[in-house]
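This report refers to the structure that appears directly beneath it.
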Amino acid sequence: MELSTTESFSPLNSLVSFPFGVTLLPADSIEFKFEIRSSRWMLILPYLDLNIKYFDLGILSRDATDDKVTVEAAEAALKYNIAIKCATITPETRVKEFGLKSMWRSPNGTIRNILNGTVFREPILCKNVPRIVPGWKKPICIGRHAFGDQYRATDTIITGPGKLKMVFVPEGGDKPVELDVYNFKGPGIALSMYNVDESIRVFAESSMSLAFSKKWPLYLSTKNTILKKYDGRFKDIFQDVYEKNWKDKFEAHSIWYEHRLIDDMVAYALKSEGGYVWACKNYDGDVQSDLLAQGFGSLGLMTSVLLSSDGKTLEAEAAHGTVTRHFRLYQKGQETSTNSIASIFAWTRGLEHRAKLDKNGRLLDFVHKLEAACIETVEAGKMTKDLAILIHGPVSREFYLTTGDFVDAVAINLERKLQQPTMC
């Protein structure tokens, strides 16, 4: 495909890109010729002059470097402020299969800790893709506080009668704080969990930064009526961050921050038309993000961005995981119909952030036109098999496009849009 005759982009600041990580061979992780790579070659690189820094986060590359490559990639993301990441394998049950030296941590967790940010998911809306919740006319962006609570808890089985206590031993020799929890009369279960002020504050800053960038209201949901101190701490820190750093900015754009009880927030979400950011504690975000994905239609139409607390660094990826089953078909030379929209939007959301940082209006226009080209292609009836099934139910071959044919259809729409006046 030729460069557009109406758009010419100067070299941008460096963009960090993480190659596709689902492949099984180290060489393939950089030159992977499946749907992610075809999307990039057909829809991004012909139009943009990018200085891209590549990091191979394939599982064998992580193993060969003792996972140092993941740390290096995250540090580069902080340096350049942008990262585009493809789905990666977390080797919890794959150590023997791949002959790994160790069961390495999830790369997402490592990157999230280094970037010190929050993961936000947001649906991509297509008019003809049915929604289980038909009243959702606008996107709902959900932020999950991905630290602590149940996910770092210590749980145990109580074998018989006895007293359960919780003890905090301060550093410096101060007197321990001992709390009575429960007197067991027989067998049962117990759990102890925690969180820290610093992480909650980062969560608040990231949530407010994203809401402000979108000019959408922000809601935090907790159960502080029951967990008065635990969930109450989330509420208090959010309110403090809002009052000190964001209230004037929000009010200047007629948006707001509000705390709601989780049960009230869930009811409101189902009744609302969307158009806001929803900040959730760890478990709530885990559950509600999947509810939103299905309510809006498909996990394949869901973006995912990790935003640092200062709002400067953004990592974008598709919300779905690896597409191993499709890759096996591709390896055998069989036809695939893989939905690449979320992967394309990972690029557009990263490039949108780059455009805003650099105040590059032409790049922002390109991003908006590429996203519109994707959506309009689907709305014109040209789509991959997963979306065709959502719209028509069980389908025969003529109802959907192959992986490559869908990217080609988007490219044709994009080329047409690039001949039109700028949208920004």
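Cβ coordinates come from backbone N, Cα and C, glycine included.
Since this is a predicted model, take the numbers as computed values, not measurements.
Quick look at what TrEMBL lists:
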{"type": "BINDING", "residues": "Thr88, Ile89, Thr90, Arg94, Lys271, Gly321, Thr322, Val323, Thr324, Arg325, His326, Asn339", "note": "NADP(+) binding site"}
{"type": "BINDING", "residues": "Thr90, Ser106, Pro107, Asn108, Gly109, Thr110, Ile111, Arg112, Arg121, Arg144", "note": "D-threo-isocitrate binding site"}
{"type": "BINDING", "residues": "Asp263, Asp286", "note": "Mn(2+) binding site"}
{"type": "DOMAIN", "residues": "21-410", "note": "domain 'Isopropylmalate dehydrogenase-like'"}
{"type": "SITE", "residues": "Tyr151", "note": "site 'Critical for catalysis'"}
{"type": "SITE", "residues": "Lys223", "note": "site 'Critical for catalysis'"}
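TrEMBL feature annotations superimposed on the structure.
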{"residue": "Thr88", "record": "NADP(+) binding site", "DSSP class": "strand"}
{"residue": "Pro107", "record": "D-threo-isocitrate binding site", "DSSP class": "helix"}
{"residue": "Arg121", "record": "D-threo-isocitrate binding site", "DSSP class": "strand"}
{"residue": "Tyr151", "record": "site 'Critical for catalysis'", "DSSP class": "helix"}
{"residue": "Lys223", "record": "site 'Critical for catalysis'", "DSSP class": "coil"}
{"residue": "Asp263", "record": "Mn(2+) binding site", "DSSP class": "helix"}
{"residue": "Lys271", "record": "NADP(+) binding site", "DSSP class": "helix"}
{"residue": "Asp286", "record": "Mn(2+) binding site", "DSSP class": "helix"}
Should any of the binding-site residues Thr88, Pro107, Gly109, Ile111, Arg121, Lys271 have a Cα within 10 Å of the Cα of Asp286 (Mn(2+) binding site), which are they? none
Rounded Cα-Cα span from Ile111 (D-threo-isocitrate binding site) to Tyr151 (site 'Critical for catalysis'), Å: 17
Considering only the binding-site residues Thr88, Pro107, Ile111, Arg121, Asp263, Lys271, which fall within 10 Å of Lys223 (site 'Critical for catalysis') when distances are taken between Cα atoms? Asp263
What number of additional C-beta atoms lies within 10 angstroms of the C-beta atom of Arg121 (D-threo-isocitrate binding site)? 23
Length of the line joining the Cα atoms of Gly109 (D-threo-isocitrate binding site) and Lys271 (NADP(+) binding site), in Å: 33
Using Cβ-Cβ distances, find the residues under 8 Å from Asp263 (Mn(2+) binding site) that belong to the same chain and are at least 6 apart in sequence, listing them in sequence order. Lys223
Sparsest-packed among the binding-site residues, when each Cβ's other Cβ atoms within 10 Å are tallied, from Pro107, Gly109: Gly109
Those recorded positions listed as Lys223, Lys271, and which of them has the most Cβ atoms within 10 Å of its own Cβ: Lys223
Work out how many Å separate Pro107 (D-threo-isocitrate binding site) and Thr88 (NADP(+) binding site) at their Cα atoms, rounded off. 7
Could you round the CA separation between Arg121 (D-threo-isocitrate binding site) and Lys271 (NADP(+) binding site) to a whole angstrom and send it over? 20
Using a 10 Å radius on the Cβ of Ile111 (D-threo-isocitrate binding site), the other Cβ atoms enclosed count 25
